[in-house]
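A.B. asks: My questions all concern the structure below.
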Amino acid sequence: SVSPAAERLRYILGEDDELPNPTLFTEMDTLQHDGEEMEWKESARWIKFEEKVEEGGERWSKPHVSTLSLHSLFELRTCLQTGTVLLDLDGYSLPQIIDDVIERQIEDGLLKPELRDKISYVLLRKHRHQTKKPIHRSLADIGKSVSSNTARSPVRSPAAGAAFHRSTEDLRMRQSASYGRLRHAQSRSMNDISDTPSTDQLKNKFIKKIPKDAEASNVLVGEVEFLEKPFVAFVRLLQATMLGGVTEVPVPTRFLFILLGPAGKAKSYNEIGRAIATLMVDDLFSDVAYKARDREDLIAGIDEFLDEVIVLPPGEWDPNIRIEPPKKVPSADKRKSVFSLNEVGQMNGTAGGAGAGGGGGGSDDGEMPEVHEIGEELAWTGRFCGGLYLDIKRKLPWFPSDFYEGFHIQSISAILFIYLGCITNAITFGGLLGDATDNYQGVMESFLGTAMAGSMFCLFAGQPLIILSSTGPILIFEKLLFDFSKGNGIDYMEFRLWIGLHSALQCLILVATDASFIIKYITRFTEEGFSTLISFIFIYDAIKKMIGAFKYYPINSDFKPDYVTMYKCECVAPDPANASSPAAAAPGPGNATNASLSNALNLTALDWTQLSKKECLRYGGALVGKSCPFVPDLALMSFILFFGTYSMTLTLKKFKFSRYFPTKVRAFIADFSNVFSILIFCGVDACFGLDTPKLHIPSIIK
């Protein structure tokens, strides 16, 4: 038999062809009180093994194997069951992350709304990291406190703070007075943490021991007087983000664990913090933390950790003894290999116990596949159309949500962006295809083909957020195919049809034989190579069109404002003897029309000076004057629109990191940055009314 926790982890960690997760550097900070003053002090750190700040706070201990109490692991499990778990939070600053966590706690009924500002105030206090002389305050801090308008008590070390012990009631009164002054303050104004790494962080030599691609997990534990029950949150950020002075070294943070509780249980909170920190540097649990889809996956990771824990009797071992790291660390591959979908061996810890029983509680929601379902997947793999059957089976339960979740505000911004990407791409490459194939495939064919193929793909492929249209390699292929057909007397459209049918047949064979598994033997280099090629083609095409605009609409550098009186342009009537020749010689399908108009007119009775430029040329007249070849600086205007749209898009994308407006407004502006930029500069173009080059969309289907 297989424990439910192990079965869930097998489902999570079954894909063994992904890139390894980054190394995690974990830091635990504890909340220190000194009267009205509070700060977060670094107390321990982990890369693989634990290092503690020795009593007295002057040096680090040697790395040692973490020893945890079994009770702290069970309490941690309870914290994750009852607390807030936010996975893939789009966070960019500590105040915004804390705002989102508090908002979720209030929505779930775990926190009273009136405690919002107090929690924010506590979590945004300064972090003091372990340096050479952490007890002594720097001259800059002393000067800052002296110049402050309000007298502030100096922050003492824990040893010095013991001499100034105050009663619990006195501490509560002082904290209440401090919080009352900040009741209406916003999180950002409360922030006492620098947004960028300090000089001490950048000069910290400990960074040399951390791998370059490492990410950080920060553990914050402490006790406060105003809480009646613990405030617990586990956060996994969508992308690792630099949180300024939170971490000892300038490493981007990916995970954040917060535990604030009522006063009187500081030792218990510290042990829970050490438990989650030790789990985060465990090879197996860190993979679970990166790939977890919900809180049940995290609890399953703890249960599996408990299955492998060895308990030492308290009376036969001194917990103060530190276990030195082994000379050769055992490889975690053996533990991870058990969770591969290809493994059918039994899992560890099937004798029951608290871990297995706790994990069983996580499988009641019906999302966890049972053992026979895994066996069914293995049975279908390799069969004719087996992969297609499994894809449909996995996708079908989520098919309706793909539609109603599309009305989320961020989905709408992505839809508008992809719509603009598809339509402009189809029109641009449609024009290029028309030039390459004598309009056998033009704008309208590209337009309709993209719409129909894209709709079918989005409905049945399970990847709606993708841009489908012609690209540079397709354009080259179509041009070579047309030239080949033309040179060998082959009907291009018929030849193109058979190529399409042959491609469709190849795709059906690949699907039926489940040949897509070959992709596991292909590196990312192939995909990134094609992506780079397509990106360069788009960038090159944009710059090429911009340079072409300067050639077609040259800047009027010869214009002299002082000689404006000499500039004129007149329409002169043609020579009556050659009146019909200009019209007859005019190119295009309107030769006969122009000739008939010219012959029908009484050229001597027509007032040629009142005709426009187009009418003059239409009736066979001639333009005479220095200002006749003048055109507005359309190329310069096009460049302003081109560069302005690009610059505004980048600026608005970064707007969510600014200090203006609430978080939701900044996020909304950043999500719709492309749409706003295009609309604004289309409006600028319309206001000037210049005939700048634009994409011409056909008005009829033919």
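Glycine is no exception: its Cβ is also placed from the backbone N, Cα and C atoms.
TrEMBL lists these features:
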DOMAIN    23-319  domain 'Band 3 cytoplasmic'
REGION    146-167  region 'Disordered'
DOMAIN    383-700  domain 'Bicarbonate transporter-like transmembrane'
TRANSMEM  412-434  transmembrane segment
TRANSMEM  446-477  transmembrane segment
TRANSMEM  497-518  transmembrane segment
TRANSMEM  634-652  transmembrane segment
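Help me see these features in their spatial surroundings.
C.D. replies: Taken together, the residues in the domain 'Band 3 cytoplasmic' (23-319) have a mean pLDDT of 78 on the 0 to 100 scale.
Beyond the transmembrane segment (446-477), the same-chain residues lying 6 or more positions past its ends with a Cβ under 8 Å from any Cβ of the stretch are 391, 395, 402, 406, 414, 418, 421-423, 425-427, 429-430, 432-433, 436, 530, 533-534, 537-538, 541, 697-698, 701.
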A.B. asks: Quickly jot the same-chain residues contacting the transmembrane segment (634-652) by Cβ under 8 Å, restricted to those at least six beyond its ends, or write none.
C.D. replies: 542, 546, 549-550, 552-555, 669-670, 673-674, 676-678, 680-681, 684-685, 688, 690-693
